[in-house]
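Trainee: I have a structure I would like to understand better, so I am pasting it below and will then ask my questions one at a time.
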Amino acid sequence: MVAMTPAGDYRTSYRADTTIFPTRNSRIALFIGLALLCCAPLLLGRYELSLLINIGFLGIAALGLNILVGFTGQISIGHAAFFGLGAFTSAWLHEHLGIPVMLCIPLAGIVTALIGLVFGAPAARLKGLYLAIATLAAQFILEDFFARARWFTGGVAGRMTESPVLFGFAFDRDETFFYLTLAWVVIMFVAAANLMRSRDGRALVAVRDHYLSAEMMGINLAYYRTLSFGIASLYAGIGGALYAHYLLFVSVEAFNILFSIQFLGMVIIGGLGSVMGSLMGAAFMVMLPEVTQWGAEALAGSAIDQALRLGASISFLREMVVGAAIILFLIFEPDGLARRWRLIKAYWKLYPYSH
Amino acid sequence: MRKLPPKETNQGGHGGVAGEEPILSAEGVSLRFGGVKALTDVSFNVRKGEVFSIIGPNGAGKTSMVNCVSGRYRPTEGRILFDGQDITKLGPNRRAGLGIGRTFQNLALFGHMSVLDNIMVGRHHLLKAGFLRGMVYWWGGAQREELAHRAEVEEIIDFLEIQHVRKAQAGTLPYGLRKRVELARAVALKPKLILLDEPMAGMNLEEKEDMARFILDLNQEWGMTVLMIEHDMGVVMDISHRVMVLDFGRKIAEGLPEEVMAHPQVRRAYLGVDDEAVNPAEIDA
């Protein structure tokens, strides 16, 4: 879709034409949004903050998967395993090598990226369903590794972690950890937006859209297909590391295939091939069970509640709603929330006209 | 068809840019898919600065030949030299850097990218910033590089008259424009040799005239050697310096356009054997 820019907004330099936020209004909205987020710990309760933190680290990991699935057109159903690998790596690096947690987080991302490159190597040759099965293998290999490698993961007991500390300041409460997550979200999303407007980002999209002509344009298919796994794993690793140092405990069972499917759900719902869509998808996936719960509580005692026993079935009702959301999005809005958001913006801009 | 200035000499052609030196040589190229012989012992030279056309009936192996040059297929036998270098076994993505660009018979644009991004992909091998420098855009030179190449790409956009669609999604454009964007993308590679696979297929007269003008300008002003497959004989005759004819994977003629058209075997390949039109004795000679 062509970006809708207001009349009279002329760009007079190529620099102005290649900015991430194209109009003045979008930049103002960005600053207001960031300012509001910075005030969030003052305005919101503990629980709401923890939801925002969840959206943050899941959003980072979802963005990684979106670079792989949405931008490069590959598929991975083992993303949660890399998320877990990041979590364990960061915890292990801190405990065994004594590296400060603040450094462990990016290091975990790099280690995960390297492992991701290894598992991404088949992607240079496989496509579609076959690649999906290969990544499924990655999921199970890593899950099995987590369960067996007691030295690394603490085995069944799991692994305790510690809060990040920077110059004596501990990010050990929701109010402070929120800022750390926010900083990483901003860094990782800006990096992705930058990537997409430079050489290698375009190459990834070219590989997705038409790999034969991409090759004729001088793009090394094997390199970019593998690289996209590496970048996806980098994001998963950093998201996972934040998760580990937020929950302060990493359990082996958390990173199963269902979690991987949830990441795919975030990417589909948010919008394949959209940077901001990844965050929207993560927000949707975090908020949906909350809304379901809230809906069930609101209906408590009513005729519907009595007929369906909502109170008793709330746990699997949450799972079902997530599944239904993915299906409905695939049918009615395959381009996800990102496209819906663009349509809403266009609607306001053109009001009261429809076109 | 617009009348071009008369061709004074043979290989000099319009403007006299073509030299004698070959930029591309195919030496005894054969291509087999199992039992199917797509190409049999095809040899030809494309000289620096000329417009060289390959013609022939459907299924003659024209696109196979171009695919061998661009690296999509690897010849079963024979070798291909570009600028004196043997490229027979070189991967397709390495050839862009050497200076071979191409367009496709069936459109092969990146449908979801903007026209501008499509053309910028053509700059891939000229840009240096990898993904890490891309991520930190402002530091490390990625932005400087992007803007410098953007300026050059804009010149190509101006030349091909696609300014009005530069921000449009490539997949939504009408056919004639898409062909032009594809040409722009190939030109962005800064190729020495540009391979055009049926650049005018499915176009109306006006679009064909535009395309012929672009090809001539590329050849004369931008100094690119053009290797073209085309079915429109009027265009081929008007703008080619030399023509090669393929039939059933074999080269049956090569030479100046008018020579080739008068060649009895070419007439037989195109029109079939007709006793009245062509004397069989002439063919076997």
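Glycine is treated like the rest: Cβ placed from N, Cα and C.
Among the features that TrEMBL reports, transmembrane segment is placed at A:28-45, A:51-69, A:76-93, A:99-121, A:128-147, A:177-196, A:266-288, A:308-332.
Walk me through where these features lie, including what they touch and how far apart they are.
Mentor: Residues 21, 52, 174-176, 178-179, 182, 186 of the same chain sit 6 or more residues outside the transmembrane segment (A:28-45) yet have a Cβ under 8 Å from a Cβ within it.
Residues 37, 40, 44, 75-76, 79, 83, 174, 177-178, 181-182, 184-185, 188-189, 192, 195, 204, 228-229, 231-236, 238-240, 242-243, 246, 263-264, 266-267, 270, 272-275, 277-279, 281-283, 285-287, 290 of the same chain sit 6 or more residues outside the transmembrane segment (A:51-69) yet have a Cβ under 8 Å from a Cβ within it.
Same-chain residues lying 6+ beyond the ends of the transmembrane segment (A:76-93) with a Cβ under 8 Å from its Cβ atoms: 61, 64-65, 68-69, 99, 101, 104-105, 107-109, 111-112, 115-116, 119, 132, 135-139, 141-143, 146, 152-153, 159-161, 229, 232-233, 236-241, 243-245, 250, 254-264.
Counting residues 6+ beyond its ends, the transmembrane segment (A:99-121) has Cβ neighbours under 8 Å at 78, 82, 85-87, 89-91, 93, 135, 138, 161-166, 184, 225-238, 240-242, 245 in the same chain.
Counting same-chain residues at least six beyond the ends of the transmembrane segment (A:128-147), those with a Cβ under 8 angstroms from any Cβ of the stretch are 74-78, 80-82, 84-85, 88, 119, 122, 153, 155-156, 252, 255-257, 260.
Only residues 6 or more beyond the boundaries of the transmembrane segment (A:177-196), in the same chain, are considered here, and those with a CB under 8 A from a CB of the stretch are 20, 34, 37-38, 40-41, 49, 52-53, 56-57, 59-60, 63, 67, 71, 105, 163-164, 171, 202, 205, 231, 235, 238, 242, 245-246, 275-276, 279.
Within the same chain, residues 51, 54-55, 58-59, 62-63, 65-66, 69-71, 185, 189, 192-193, 196, 205, 318, 321-322, 325-326, 329-330, 334-339, 341 sit at least 6 positions outside the transmembrane segment (A:266-288) and bring their C-beta atoms closer than 8 Å to a C-beta of that stretch.
Beyond the ends of the transmembrane segment (A:308-332), by six or more residues, the same chain brings 262, 265, 268-269, 284-285, 288-289, 292-293, 296, 299-300 to within a C-beta distance below 8 angstroms of the stretch.
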